[in-house]
Amino acid sequence: MTYKLRPNQVIKKLGGRIIYLVGMMGSGKSTTGPHLAKLLKYSFIDQDELIEKVAKSSVSQIFREEGENGFRDIETQVLKQIGQRHSLVVATGGGLVTRSENWGVLHQGIVIWLDPNRELLFARLKSDKTVVRPLLDNKDPKDVLDSLIKQRYLSYAEADLHISIERETPEEVALVIFKKLSEIIRVQED
């Protein structure tokens, strides 16, 4: 039996299931997500941006005022709201996977782990001055990154798809995901 990438069949077989992109901060969830959404004819949501709208505060301000646990509480509430919808590609926060209660929502959709190599991840975080990363504030970023990767690895590994990233562009990563989606939902050639 052969399988072939047929965009309309892939979209139909997905049946509106939400695609959740998980991975470390800087893994490319927010940049890959819009490209994947376009391929799937879905809408795109950046969960951190939605949290900022709901909380009327920036992620870094929530971390300062409420602490990480306070932020994670809001993140879980927003995830539950997102989970009520359909036909979305969602760029989640890097630590969303650390709460087991979130997996009840995530497993209703398809979870895709974006996993750039450590050097690429660190280079992205170092070069991106537009995004504040509260967990990296006032600490050695490499040590923090290594620690977070170690803490979250098994949680990320629960994803339905694991996408290793070397130097691919967000557009290329979206195409790889689309192809792998067609394989896991087994779109048969007519």
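Cβ atoms are placed via backbone N, Cα and C, with glycine included.
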Of Gly15, Gly16, Gly94, Gly104, residue recorded by Swiss-Prot at the substrate site of Asp48, Arg72, Arg152: Gly94
Gly26 (ATP binding site) - helix vs strand vs coil (DSSP): coil
Greatest C-beta neighbour count within 10 angstroms, which of the binding-site residues Lys29, Arg72, Arg152: Lys29
Residues Asp48, Arg72, Gly94, Arg152 binding substrate per the record - widest CA separation, whole Å: 18
Fewest-neighbour residue among binding-site residues, criterion Cβ within 10 Å, set Gly26, Gly28, Gly94: Gly94
Residue pair Gly28 (ATP binding site), Asp48 (substrate binding site) - Cα distance, angstrom, rounded: 14
